[in-house]
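One structure is given below, encoded as structure tokens.
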Amino acid sequence: MAEVSSKPVPLLKDELNIVIPTIRNLDFLEMWRPFLQPYHLIIVQDGDPSKVIKVPEGFDYELYNRNDINRILGPKASCISFKDSACRCFGYLVSKKKYIYTIDDDCFVAKDPSGRDIDALEQHIKNLLSPSTPHFFNTLYDPYREGADFVRGYPFSLREGVPTAVSHGLWLNIPDYDAPTQLVKPRERNTRYVDAVLTIPKGTLFPMCGMNLAFDRELIGPAMYFGLMGDGQPIGRYDDMWAGWCIKVISDHLDLGVKTGLPYIWHSKASNPFVNLKKEYKGIFWQEEIIPFFQKATLSKNATTVQKSYIELSDQVREKLGPIDPYFVKLADAMVTWIEAWDELNTPSEA
């Protein structure tokens, strides 16, 4: 794809929504104005719906609070988390665009090693619009990037790649650590800028972070459910990772790709490790059984769509993870409710 220098027409301007979960005024958008202002924003307000969230002038947006979620989804609103950034997936549900970029309100514009501001969204779009290579690892990383290619020994039959469903970006400054790591390394900062984009190989899981993430909604949207977290739930801070495990199993099954690496954002502040530990406590134990479950999960040949695959996965969650804790039965039910809500709000023409 040709480099865009002056960017007269922003890439995918009419095909992409930006989803932001928040509980506060969105002053951080001022910094992002040169890059994000041309796009339509979907803001999902968490917490007290009577609080007024201020958005800087000039941004085109729609805002949904808990009252709106209850009104639009009715009884199915039970599948949308409250008092947790997992509420962002409501934005995925109501979007009508092909692509989604989601970003947290404590993420600022990062600079590359030359000191130039990084247009994170532009890089995500490049990642999504070029294929992935999950079946065979290319040692020069993304072969479709300018200045790279397939190395000697790479099978010609696999060089077409597969469609890219997800682009997972990274963070400078505050790394996305769990609470125990935060506690033992309170001053650690990520200063390493690695100029690379990798396809995550087929059969390999990864910890997906939702604060700098883009995806093709038509290819993988129904699987991008951030689970039941936060208020009234025994666990938090596993919302994006749960979605990541689900989308990876389904992407592998449907022959889709997931990329990680560029672009970087600047993660400005660390959350409280003691509060995080309280949220993560059960998850830290449970993940030792959840990960093997996803590693072994297989989907049948009848699972020909994301929705069918996700329903099959929910049945397995209920059967295999349910015995660990009743929460997983509740989560499996919510996964089904999510798909029902998706199908209700989105016409099946996508399939």
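Cβ atoms are placed via backbone N, Cα and C, with glycine included.
What TrEMBL says about a protein is an automatic prediction, not a curated fact.
Small disclaimer: the values here were computed from a predicted structure and weren't measured.
If you look up TrEMBL, you'll see ARG152 (among others) marked as site 'Required for activity'. Taking Cβ-Cβ distances under 8 Å and a sequence separation of 6 or more, ARG152 (site 'Required for activity') has no neighbours in its chain.
Annotation comment: TrEMBL describes ARG152 as N-linked glycosylation site.
Taken from TrEMBL, the feature site 'Required for activity' covers ARG159 (among others). Counting every protein chain shown, 15 other Cβ atoms lie within 10 Å of the Cβ of ARG159 (site 'Required for activity').
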